[in-house]
Amino acid sequence: MMMRAFRLVLAAAAVSALFASGARAQGEPSQPQGQSAPSQVQQAPQVTQPPAAEPRPIPALQATPTNPLPSALPQLGINPPSSAHPPLTAEQPPAAPAPVPAAATAVLPHDLSPWGMFMAADIVVKAVMLGLAFASLVTWTIWLAKAMELAAAKAGATRALRRIEASDSLSEAAGSAAKKGKLRGAVGDLLSAALTETRRSADLGEDGIKERVAIALSRIEARAGRAMARGTGLLATIGSTAPFVGLFGTVWGIMNSFIGISQAKTTNLAVVAPGIAEALLATAIGLVAAIPAVIIYNVFSRSIAGYRALLSDASGEILRHLSRDLERRHRAAAPASRAPAPAAAVSLVPAE
């Protein structure tokens, strides 16, 4: 640090000495012809005077003052400033920043969040967004209600099927379910229908009982499946139409953007971007409503198919129990039919 300060002091002293010598050269008269000027001043040219006039000394031309600082600085170990960035002078003021177009600052909205774009959208685009948001709400409501209903129905059908499989007869299965208060739901309806049809056909032949019970059970299965699938059709409708509704909002928003471009007479991104962003928001909401609806519909379709399979298993067990009961009844009635009839009285009186 001390060496650098010493070098700076020497540089300043050299500069001041050079400027002082230049000032003395300006104030002193020129040297007579034949003598050399100082080392810092160039040789003055000789001018021939007319012979009639008295020769007068001509002052030596002063050298153009140069800046000795850059030449002296390398000797002192200091790098001169680069000429790539010349210092600003009074004749060259700094350039003023380019003005921002008024259209860009006036059209660009202050809030580009989803809520801000919704509030700035056209009335048609707003209606599309609200409809898609309502469809998404309906989708999640159906998912919650139908998931709880399916879980309860499958659990009840599974428990009832296990009790039927553990029973030896149809009446025993119905009695076991009735004692535990589980004779309800679709499987309970199947048991009740089988017992009712058996009781009504007690005085009829055994050949048509199983057919009539099978018809009743199939109708109950179909009715239970339709009841469980209620509401899933709306999910399919939302999943298939929501993207197209969102696309309609996008097309409408882009049309409004083009109209704004034609009115502003500019293709600046600040003019085009807000309208296109609002239009694409409608498509995004449509996809948000459609994708969960399609996924939930597929999940419910598989769950309802599994529930119908449980009902089919329960119907098969009920028909097997019914077949066993009819076979037992037939075997119980067979010995009575094969018992010998009482012998007729034989007359011992010979016929005439």
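Every residue number used here counts from 1 along the chain in the order it is shown.
Glycine is no exception: its Cβ is also placed from the backbone N, Cα and C atoms.
Remember, TrEMBL labels are computer predictions, not curated facts.
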Stated TrEMBL location of transmembrane segment, expressed as one of 233-255, 325-347: 233-255
Folded-back contacts onto the transmembrane segment (123-145), same chain, C-beta under 8 angstroms, at least six residues removed: 231-232, 234-235, 238, 242, 245-246, 248-249, 252-253, 256, 278-279, 281-282, 285-286, 288-289, 292-293, 296
